[in-house]
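What TrEMBL records for this protein:
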ACT_SITE  12  active site
ACT_SITE  139  active site
BINDING   97, 98, 99, 100, 101, 102, 103, 104, 105, 106, 107  ATP binding site
DOMAIN    69-144  domain 'GHMP kinase N-terminal'
DOMAIN    223-279  domain 'GHMP kinase C-terminal'
Ligand SMILES: C[C@](O)(CO)[C@H](O)COP(=O)(O)OP(=O)(O)OC[C@H]1O[C@@H](n2ccc(N)nc2=O)[C@H](O)[C@@H]1O
Ligand SMILES: Nc1ncnc2c1ncn2[C@@H]1O[C@H](COP(=O)(O)OP(=O)(O)OP(=O)(O)O)[C@@H](O)[C@H]1O
């Protein structure tokens, strides 16, 4: 019997997202402190002669199971790097909201690379994995090793994994998909234009909770205003989180529409999530730990 292997694909949260400017090729240079949530998708894999993908779960329809799924795209990208790659049957349990600013598809692709690496005896530091990740999407490299770190350039320059205190959080997605490309476009930067907002607040490895919260408050998500124009409900989500009892910081993740709030304790995050879900049963509301 063929053995099944599993990998979690956690949601990516941009604790900060500073846009530095726009490259001549149209992509945006950024600096972002990224963390990962307890909430995520689940991917399983059984080696087989041919690639196949089955998708189930609450957001399976939106993600799709065809050749455009990021799991299929990353498998092709790795096969181009490693001809003769042992592929197989993937099953994705899709739970994260899609087109939501939390890199669900990117994290699924990164999880697929980890599973393919294990099946092919490749080290996680094999350059072919990084190359396949980079070619598949700007957020895929940071998801390869889902631990808090800085991401720079267009997402291809990664800092070392950072030891941050676990952050009790609530994630909210109002179930309005937001296209990443449209939010970048709304920023209105010209190719070659750079922004001089100054350096990112210092974040040190092993920083304590209070110091980290103070530093994060000095940071921003520069895509928030543009996302609020495209999807005004983001402003409502941010105000709801900011008004929750015990909220220390409320901010959007990535290009939205998902926003997060940080709390002193999991108990407070759980209570806030419960109250918000009761008031907005139509929203995706998730208490979780970011690390
Ligand atoms: C906003 C973030 O989520 C922050 O983590 C990412 O930068 C977006 O990463 P992603 O969704 O993986 O992005 P991709 O799928 O590679 O690109 C989607 C589109 O977003 C724009 N894009 C993306 C990344 C980037 N640094 N600059 C851009 O301008 C490009 O128009 C691109 O065509
Ligand atoms: N496995 C997948 N999961 C989710 N979306 C997928 C997947 N594969 C392909 N897609 C497509 O990719 C697009 C982006 O989806 P995703 O959920 O990754 O966006 P996101 O959370 O905004 O990502 P990011 O934060 O990296 O910008 C959607 O339009 C979706 O149809």
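Numbers run from 1 along the shown chain.
Cβ coordinates are placed from backbone N, Cα and C, and glycine is handled just like the others.
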(message) So if I draw a 10 Å sphere around the Cβ of residue 139 (active site), how many other Cβ atoms end up inside it?
(response) 27
(request) Would you mind reading off the Cα separation of residue 105 (ATP binding site) from residue 12 (active site), to the nearest angstrom? (result) 10
(request) Starting from the Cβ centroid of 97, 98, 99, 100, 101, 102, 103, 104, 105, 106, 107, the recorded ATP site, name every other residue in that chain with its Cβ within 8 Å, sequence order please. (result) 11, 12, 96, 254, 258
(request) Could you work out which of the binding-site residues (97, 103, 105) has its C-beta surrounded by the smallest number of other C-beta atoms within 10 A? (result) 97
(message) Measuring Cα to Cα, how far is residue 107 (ATP binding site) from residue 139 (active site) in Å?
(response) 8
(message) Measuring Cα to Cα, how many Å separate residue 139 (active site) from residue 103 (ATP binding site)?
(response) 7
(message) For the C-alpha pair, I'd like the distance in angstrom between residue 97 (ATP binding site) and residue 12 (active site), rounded off.
(response) 12
(message) I need the CA-to-CA distance for residue 99 (ATP binding site) versus residue 12 (active site), whole Å please.
(response) 12
(request) For residue 12 (active site), name the DSSP secondary structure in the helix/strand/coil scheme. (result) strand
(message) Fewest other C-beta atoms within 10 angstroms of its own C-beta: which of the binding-site residues 99, 107 fits that?
(response) 99
(message) Just to be sure I understand the contacts, which recorded positions have a Cβ under 6 angstroms from any atom of ligand 2? Candidates are 97, 99, 101, 103, 105, 139.
(response) 99, 101, 103, 105, 139
(request) Quick one: of the recorded positions 105, 107, 139, flag those whose CB is under 6 Å from ligand 1, and say none if nothing qualifies. (result) 139
(request) Check residue 105 (ATP binding site) against DSSP and tell me helix, strand or coil, would you? (result) helix
(message) Let's see if you can do this one: DSSP helix, strand and coil counts over the domain 'GHMP kinase C-terminal' (223-279), in that order.
(response) 31 helix, 11 strand, 15 coil
